[in-house]
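J.: Okay, handing you the structure first.
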Ligand code: SF4
Ligand SMILES: [Zn+2]
């Protein structure tokens, strides 16, 4: 998921990013993307309810919602809100906040390229590879 302005700089800097403390790191991401048309027969509303229940307990809920608003995330439950709910939040605030996109060289930028069918530049290719590697390491450390 994505990420302080909130932006993690693509370096070896070990400063902790909020997503490191997210509850959903431990959970199957599909629950948070109920609109995804996959083989999972779980009804959409049920996935949304599950995701929201998890977000309600998450220590970085505010950071997560802010990042989703800033990045104009199109899909998924972020900070306990669906895309439709985030849109209403924009409306109730009167105007859209400035759109801040994550810079190339971050996993979020790599995902954005993928979503838009854009070719991956070198920085993003590396960020995606690093992200995959870190996920694999986390999985491995959980399994052991
Ligand atoms: S608020 Fe929800 S989606 Fe965001 S990091 Fe926490 S658990 Fe994940
Ligand atoms: Zn890029």
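For all residues, glycine too, the Cβ spot is worked out from N, Cα and C.
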J.: Match it up for me: which of 29-86, 87-144 does TrEMBL list as region 'Disordered'?
T.: 87-144
J.: Around the [4Fe-4S] cluster site formed by 24, 55, 58, 64, list the extra residues of the same chain whose Cβ is within 8 Å of the site's Cβ centroid.
T.: 22, 23, 32, 51, 54, 60, 61, 77, 78, 79, 80
J.: Which one of these binding-site residues, 24, 64, has the sparsest Cβ neighbourhood, judged by other Cβ atoms within 10 angstroms?
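T.: So among 24, 64, the binding-site residues given, the one with the fewest Cβ atoms within 10 Å is 24.
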J.: For residue 55 ([4Fe-4S] cluster binding site), write down the residues of its own chain that are at least 6 apart in sequence and whose Cβ falls under 8 Å from its Cβ; none is a fine answer.
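T.: Within the chain, residue 55 ([4Fe-4S] cluster binding site) has Cβ neighbours under 8 Å at 23, 24, 61, 64, 77, 78, 79, 80.
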J.: Which chain-mates of residue 58 ([4Fe-4S] cluster binding site) that are at least 6 residues away have a CB under 8 A from its CB, listed by sequence?
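T.: Once residues fewer than 6 apart are set aside, residue 58 ([4Fe-4S] cluster binding site) is near 22, 23, 24, 64, 79, 80.
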